[in-house]
Amino acid sequence: MAKIYRDVDASLEPLKGKTIAVIGYGIQGRAQALNLRDSGLNVILGLRRGGKSWDQAVAEGFRVFEIGQAVAKADVVMVLIPDMEQPKVWEEQIEPNLKPGTVVDFAHGFNIHFGLIKPPPNVDVVMVAPKGPGRAVREEYLSGRGVPALVAVYQNYSGRAMEYALAIAKGIGATRAGVIETTFAEETETDLIGEQTVLVGGLMELIKKGFETLVELGYQPEVAYFEVLNEAKLIMDLIWQRGIYGMLNGVSDTAKYGGLTVGPKIIDESVKQRMREAAARVRSGEFAKEWVTEYNRGGPTLRKLMEEVKNHQIEKVGIEMRRLLFGQ
């Protein structure tokens, strides 16, 4: 059974009187920095001088330093720049300026788990991974609520690493909703497997194949778009709010019966085998190696695949439908 921490299980005390350097001021970095500051903690920012976020951070009242300077001043360093930028920034600006006993926090375990970042032994290494976008992290905090998070300890130099991790989670509002204890390996692998097989890869391809099938059968593309893409949000909202069983109780009996009898024929047991194969590539590190190579080559395969999606008929129809629906 998962161990879940609530607000009463965490304290901000371990962070009181300490300097927290948030590295990065993108959507997630900005949200976490603002929340920590609003929780009464001392937050500075480490950014690239001249970067587009520098002036914004200054305007919003933060003390801003170049990354190496911020790390040197910090007791806690939160690495909130994109995954693929982290190894170079770590090697050149973060690690050379770390003090012994510093707490280093990541929002995703990718670089630590796959060995792209190797921290020195004299620092704590923790992870606080909000399970929601930065905008939600900020908005929920301001509403007196929070976005759930995962928390993990990779390296416990001080003997208090989990206390620090929970303090960070409390500071950004996550313990209000609940924080689940995990490991860097579990967070990284489940995140990648879930993205590839369901949330991004699987769902996207299911929608595209459904659209293609309806159009090939002679139905109007606009009607096909509504049936397989637009209405997907309505069903996912029901699942998110009520669970799968609750969703079924929120649709018609015809939809229930058709879905329960035909769905398993479309997504059958053979799909699980292919999911296991994708999972094996993630767990072995094969996917990480492939992606790092692709990124270092400038992303030619990614650009090609993105262009194919952009030019798919469902996207062309979608532009018109979203203009009709939302005035975009």
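Here the Cβ of each residue, glycine as well, is placed from N, Cα and C on the backbone.
Pulled from Swiss-Prot, these are the features on record:
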ACT_SITE  His108  active site
BINDING   Tyr25, Gly26, Ile27, Gln28, Arg48, Ser53, Asp83, Met84, Glu85, Gln86, Gly134  NADP(+) binding site
BINDING   Asp191, Glu227, Glu231  Mg(2+) 2 binding site
BINDING   Asp191, Glu195  Mg(2+) 1 binding site
BINDING   Ser252  substrate binding site
DOMAIN    2-182  domain 'KARI N-terminal Rossmann'
DOMAIN    183-328  domain 'KARI C-terminal knotted'
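Between the alpha carbons (Cα) of Ile27 (NADP(+) binding site) and Glu227 (Mg(2+) 2 binding site) lies a span of roughly 32 Å. When the C-alpha distances from Glu231 (Mg(2+) 2 binding site) to the recorded positions Asp83, His108, Gly134, Ser252 are tabulated, the minimum falls on Ser252. Looking only at the recorded positions His108, Asp191, Glu195, Glu227, Ser252, the one with its C-alpha closest to Asp83 (NADP(+) binding site) is His108. Closest to Glu227 (Mg(2+) 2 binding site) by Cα-Cα distance, out of the recorded positions Tyr25, Glu85, His108, Glu195, Ser252, is Ser252. Considering only the recorded positions Arg48, His108, the Cβ with the fewest other Cβ atoms within 10 Å is that of Arg48. In this structure the C-alpha atoms belonging to the residue listed as 'active site' and Asp191 (Mg(2+) 2 binding site) are separated by 9 Å. Counting residues of the domain 'KARI C-terminal knotted' (183-328) by DSSP class, helix then strand then coil, yields 126 helix, 0 strand, 20 coil. Here the C-alpha separation of Glu85 (NADP(+) binding site) and Ser252 (substrate binding site) works out to 48 Å. Taken residue by residue with DSSP, Ile27 (NADP(+) binding site) is part of a helix.
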